[in-house]
Amino acid sequence: MEKDCQDIQQLDSEENDHQLSGDDEHGSHVQDPRIENPHWKGQPLSRPFPQRLCSTFRLSLLALAFNILLLVVICVVSSQSIQLQEEFRTLKETFSNFSSSTLMEFGALDTLGGSTNAILTSWLAQLEEKQQQLKADHSTLLFHLKHFPMDLRTLTCQLAYFQSNGTECCPVNWVEFGGSCYWFSRDGLTWAEADQYCQLENAHLLVINSREEQDFVVKHRSQFHIWIGLTDRDGSWKWVDGTDYRSNYRNWAFTQPDNWQGHEQGGGEDCAEILSDGHWNDNFCQQVNRWVCEKRRNITH
């Protein structure tokens, strides 16, 4: 195509040369203004038609080539865009499926976790209940083990008492200690009434001979004042069984005995009692207190 344009331009040049030579031969008076006046500013001479045609054809070819190239680029970009859209759609579906699957798994784990927590809570509650029950059973067992020797001794003593018709061991509901039997009342009497009650049981009001006996009585008498077999009605303190007062064990509270005279009934304090703290006190004999009877354990062979 370019060669054709060159041929056309060559033919056009030859034709121009021929015309110029013809003009010279005929002595034409037509002069080229550009030759006569080098400063001529008129319109440029128009290019011949074949040259203009060749330039337009080149531009058309360039435009066509550019359009083809642009079309190819558009096709390539469109193809890649479609491929990217397809890949994005596939990726989106994959991510959506993954998200749904993950959410389902999390939901299953949450449900399983809730069930597990409920089961663990139930087990912990049952375990705590069993633990409390075991503690209670353990405390009960310790209590029975602690009192088992005493209970066994009491049962053995009661059995021996019945077998020997009351000639051996302590009577029923009496407690043995140090070779003596003790009975602790559950109601109250005056000192004289309590002393008479003990005599009817072939016993006497409590006579304390040692610190050990004092501790034993305090341990079993609860938190009540109790009468003991000690009185000074005749002006001096004496034990009801004849035990010597001066040489025997004593546990008076501070400032006691004081023979206080302020009772409404009149008279002083001539009868001894054990206070709630274990110390002794002289009190008005008509006061109503609990009491303890004591007698020697009978042993016959």
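Quick reminder: no glycine exception, Cβ is built from N, Cα and C everywhere.
Swiss-Prot lists 1-58 with the feature topological domain 'Cytoplasmic'.
Residues or ranges marked as transmembrane segment by Swiss-Prot on the basis of sequence analysis: 59-79.
According to Swiss-Prot, the feature topological domain 'Extracellular' maps to 80-301, an assignment based on sequence analysis. Averaged across the topological domain 'Extracellular' (80-301), the predicted model reaches a pLDDT of 83.
Summarising the annotation, Swiss-Prot assigns N-linked glycosylation site to Asn97 (among others). Neighbours of Asn97 (N-linked glycosylation site), defined as other CB atoms within 10 A of its CB across all chains, total 10.
According to Swiss-Prot, the N-linked glycosylation site annotation covers Asn165 (among others).
Among the features that Swiss-Prot reports, domain 'C-type lectin' is placed at 169-295.
According to Swiss-Prot, the disulfide bond annotation covers Cys170-Cys181 (among others). The DSSP secondary structure for Cys181 (disulfide bond) is strand. Of all the Cβ atoms in the protein chains shown, 22 others lie within 10 Å of the Cβ of Cys181 (disulfide bond).
Counting only same-chain residues at least 6 apart in sequence, those with a Cβ under 8 Å from the Cβ of Cys293 (disulfide bond) are Tyr182, Trp183, Ser185, Tyr197, Cys198, Glu201, Ala203, His204, Leu205, Leu206. A strand conformation is recorded for Cys293 (disulfide bond) in the three-state DSSP classification. According to Swiss-Prot, the disulfide bond annotation covers Cys198-Cys293 (among others).
Around Cys271 (disulfide bond), the C-beta neighbours below 8 angstroms that are at least 6 residues distant in the chain are Trp191, Trp227, Leu230, Thr231, Arg233, Asp282, Asn283, Phe284, Cys285, Gln287. Residues or ranges marked as disulfide bond by Swiss-Prot: Cys271-Cys285 (among others).
The annotation N-linked glycosylation site is assigned in Swiss-Prot to Asn298 (among others) on the grounds of sequence analysis.
A separation of roughly 91 Å, to the nearest angstrom, links the Cα atoms of Cys181 (disulfide bond) and Asn97 (N-linked glycosylation site). Here the Cα atom of Asn97 (N-linked glycosylation site) is found 90 Å from that of Cys170 (disulfide bond).
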